[in-house]
Each structure stands twice: as C-alpha cells, then as structure tokens.
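Here it is: the structure, laid out below.
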Amino acid sequence: MSISLSSLILLPIWINMAQIQQGGPDEKEKTTALKDLLSRIDLDELMKKDEPPLDFPDTLEGFEYAFNEKGQLRHIKTGEPFVFNYREDLHRWNQKRYEALGEIITKYVYELLEKDCNLKKVSIPVDATESEPKSFIFMSEDALTNPQKLMVLIHGSGVVRAGQWARRLIINEDLDSGTQIPFIKRAVAEGYGVIVLNPNENYIEVEKPKIHVQSSSDSSDEPAEKRERKDKVSKETKKRRDFYEKYRNPQREKEMMQLYIRENGSPEEHAIYVWDHFIAQAAAENVFFVAHSYGGLAFVELMIQREADVKNKVTAVALTDSVHNVWHQEAGKTIREWMRENCCNWVSSSEPLDTSVESMLPDCPRVSAGTDRHELTSWKSFPSIFKFFTEASEAKTSSLKPAVTRRSHRIKHEEL
C-alpha cells in the first residue's frame, strides 16, 4: 500500500481534527479553523516542500554546458544536448532551471553582438537620468552615417531579447537558427548599417518594499479588554496564515514590482522611440526591416503612427510569420496599399520556400518560409530575405517597384 507525500503531510491535521471534534465549543472553533486551512491548501503547491533549492549557477560553465564550434549547446563532459527534465517529477524546478539558463544565454548573446559582430550597446532613453530605469539597443558603428543601406531587426514577443529569434532554438538546436547573428554578419558584409531593437526590455524588476503594519497604540480609546481580544484574534489569524504559508510555498520567492522604462513600456512604444531617435536620423537612403512574429505587429503600429516618414525612408520590409492584423490595428487604405507593394511575409508552411500562400487579409503578399515551425521561419527564409532586399533596392534605383506579389523560386529576375 503506497501513501502519497501530501497524505503524510496532511495526516497529523486530520488526526488532530478527529481528536478535537469530541471537545467543547473552543475545540469546535479550532476544528473550523483547521477545515478552513485544509480548504485553502493547494496540493500542487504543497509538493514544493520536497523541491531542491531554487539556486542555480550564473554561468554556462556552472551548468556544465558550452557552445561547440557548430554553435550547438552541449554538456562539457558528456557532449549531450541540453536535458530539460534534469530531475523527474519536478516540473516546476526543471522550468526554473531552464529559465535560469535562458538568462545566461541572453547575456551570452549580448556579448556575441558586441565582440563577434562589433556592435555597440546604446542606452535608452537617450536623455535618461542616472537613477531612472533604462533599456538599450545595439548598433553598428555606421548605423547612422551609412549613406546607402540600413537594416533594422525586430524579434517577437516573450522572453527573447536583442539578438535572438527564439531561445528554444538557441538551447536545443544552434546559435545560427536561434539568433540574429547570421543576419547581422551578412548585412555588414554586404554594406548595410545595422540596428538591433530590444522590444521586450520594457521594465526593470525591483524587490517590493515590505509594508509594516503599525500595532494599535496603547493610548487608544478602546477598552483594554476589547483591545486584548482583538490582539488575540489577530495573533491567531497570523499564526494560521504562517502555518499555511509554510506548506503552501516553502521556497517563497521574493515579491517583485515592475518599474517601466520611459517611452519604452511596450514593443510598440519601443519601435516608435527607436524610429524617432535613431532610424529617422540615419543617413541611409534605403532602410530595410526584418520583423518576426509580434515584431511585425510593432512595425505596422509604427507605420500607422509615422506613415509619411516610413514611406519616405523604408524601401522594403521582410516579415517572418508576422502576427499583425491590418483590420484590428485599423491600418488605413494607403498603408495597406504600401504594404502590398513593399512588404513580404514569410509564413510557416509545409510548401517549398517562396511558394505563394493565400491570404485572407488585404495586406502584404505571403510566401512559404519552407518550414511549418513558427520559430524557424526567420532562419529558413534567410537567403530569400536578402535576395528580396537586393531586388527592392535595384527596383528603386531603376524607378521600378519589385513584383513581390509573384515571388517564388520559379520566378526569374527578368520577369520583375
């Protein structure tokens, strides 16, 4: 006969209830309190009691992992890929471990952007005081001075930060598929300036200050007997609450509060801020955007807010499985027409790369990214995106519009 851990923990409470139910009014009051306690105990939370400490390394070496020459994350000793279920039946602990590794990956990618891609980290807001919350973007040295071409990269929503397309790909597959580094390196090699946005860095977290409740003053007008009775009830309530908390969350994490970054409190705000303070000031005659997933929505919002400026400065936009919606975002007719001529959305599809895919919305053309995995669409469409930008630039130079509505591998350049 097997007895669950939760049953063993609750057994003393049940026995206690059985014993005190035979007593008088005071004992019945205790029974009521214990019943209330049992009704509020979350058995899933209760199981946290047996979790190992949520104390994880802060370096890749501490996790005993490293990226090999192919950019794959491998265990230093065994050479095996990352294992999520490090401890069986401890999903929450495994998830926290994964998140801790993810934070290290984010810092590692930041280092690669600076050291491997030679980008500089630029703090925003540009006029921030020393004490206020700040974010940052990455730029090539010639981002604002390159007279010809500028490429702007925007990732999707979630835990990803500047330089990443998908954390899952970085951890489980490789750096090439999961980061923006191949785009950055090729862009620099082909003479583009580069700006890497950081649209999910919207706030900083600080520990919530503890609120100290002052006890009632002895000089209160309340009768001493009534005050003593209230204090007794308060102490008993606190005791019951502490008893419950001990089981509910033995590894209670700190309560945090969010301090939002001025003018960068959302991906949409961030895109507009970077446009106003950097992209709009850039010397480049041709600006190109690559925007993945929610990044596409942020670009459409930017266009709604800065339509004339975007039309004047942006030559072409490559979207990858964008989640924008021209109806919900209330994009006007002139914006939809511009997008049809100057944008292309590489969507998740089992069709071959660049095959036309039907669209229900009257916005930009949709073609297959050559994969049905959402997070892989940027990487799989990588060569097609650069070809699209080259064609758009040449078409602009010769005063022609690129025929993006008919893009596929079967269409030759002469037909444009």
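Backbone N, Cα and C define each Cβ position, glycine as well.
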State the residue range annotated as motif 'Prevents secretion from ER' by Swiss-Prot; the candidates are 61-64, 205-208, 393-396, 413-416.
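Going through 61-64, 205-208, 393-396, 413-416 one by one, Swiss-Prot flags 413-416 as motif 'Prevents secretion from ER'.
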Take the motif 'Prevents secretion from ER' (413-416) and average the pLDDT across it for me.
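Its mean pLDDT is 33.
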Tell me the Cβ neighbour count for Ser293 (active site, nucleophile), meaning other Cβ atoms within 10 Å of its Cβ, over all protein chains shown.
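Step by step: centre on the Cβ of Ser293 (active site, nucleophile), count other Cβ atoms within 10 Å, giving 25.
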